[in-house]
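*Asks:* Below is a structure I'd like to ask you about.
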Amino acid sequence: MMRFLITYESNNGDYKTTTLNLSSSVTHNGSVCGNDTQAAVVAVQFGEGHYWSINITKNNETYQGDFITLTYNTNDTAVFPDAKRKGPVTVLVKDPLHPVQLNTVFVCHNSYFVEGENVTQIFWNVTVQAFVQNGTVSKKESRCPADTPTSAPTVPPTTSNVTTASTTTLAPAPTSAPIPVENPDTGNYSLKSGNKTCFLATVGLQLNVSQDKPHLININPKTTVADGVCGNTTATLKLNDGNSTLIGFTFAVKNTSASVQKFYLKEVNVTLLNRLNGSVISSADNTNLSKWDAFLGSSYMCRKEQTLQINEDVQVHTFNLWIQPFLVEANKFATAQECSLDDDSILIPIVVGAALAVLIAIIVVAYIIGRRKSYAGYQTL
């Protein structure tokens, strides 16, 4: 099984992320078994002109995926309703998996991801044996890293998924989601356009997902891969946590006057996938945000915790945020515009004003009490 998350440019210059799934009718024209001198090829055609293939090569003892090719057709209006670029687009990436011994079946039930060129490719329930010997499928298996016990999903599967996916390699799903008490670790992410860095981000991320009950998910920067696109007026950072959490941040440029331009956070997308079968547990997006604005050519910083409301069930909490989506120079953040939460200087007049108010209140009360005592003494006389 496979699914593709694709970021494309729309007619109005914005970047959007869409999901391309296999259709009910799939063909495999062009697939070949391969031999000692020719690579094996698995070629798949589906939907409205979409094509996927992988080349598999072998040496004396192992076989291994070489290049993965995806051609998606933006003329498919059901998937790309407003694509600016029309026609087939081809993406070529290197297969990241390790070699497999000959006469061994490669198996991967849990989902794993391949990133490249604005596309996230998601695979699960994979069973492959290339260069089958003597026409007999082997009984020996080579498991992918995602199927190991340490790869238990951060987001617990739904009840129906637990029922169908109980195996000896995964711990049972907890009856209630654990709530992390610590803030998430801060990650450093960047994008490049050619050899030049075009997007910088430093942030700790935490999701608050309300399914049956609230559930906090800390994004682990050690297992998170950054991808996305840089543009002149829009830029998108996509973060893919190895625990099947996908978060996309889209920034845009606005003109506040004829000579002043600012950038701001316009859109956030959150997708949670079940690693057992690749299904979508939760998907949410907010395309009407207006957060984190700063002058173009500067960066935005907010060390305190902030909350982005994606929908009624999903929130994104940020910590130690420092971000610059446009005009990055020399791989460094430009001067930062700090959020109001970090501006401690505003507390000084508040504290001074409160102290003066208390002092004035004490003086007034003391004056009234003194007047009353003086009046009482005069009456006695």
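If you go along the chain as it appears here, the first residue is 1 and each next one adds 1.
Glycine residues also receive a Cβ, built from the backbone N, Cα and C atoms like all the rest.
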*Asks:* Which of these links to CYS144 by a disulfide bond in TrEMBL: CYS108, CYS198?
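*Replies:* Record-based pairing for CYS144: CYS108.
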*Asks:* With a 10 Å radius around each C-beta, find which of these disulfide-bonded residues (CYS302, CYS339) has the fewest other C-beta atoms nearby.
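*Replies:* Per-residue Cβ counts within 10 Å for the disulfide-bonded residues CYS302, CYS339 bottom out at CYS339.
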*Asks:* Under 8 Å Cβ-Cβ from CYS144 (disulfide bond), six or more apart in the same chain: what's there?
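*Replies:* The answer is LEU97, PHE106, VAL107, CYS108, ASN110, TYR112, VAL126.
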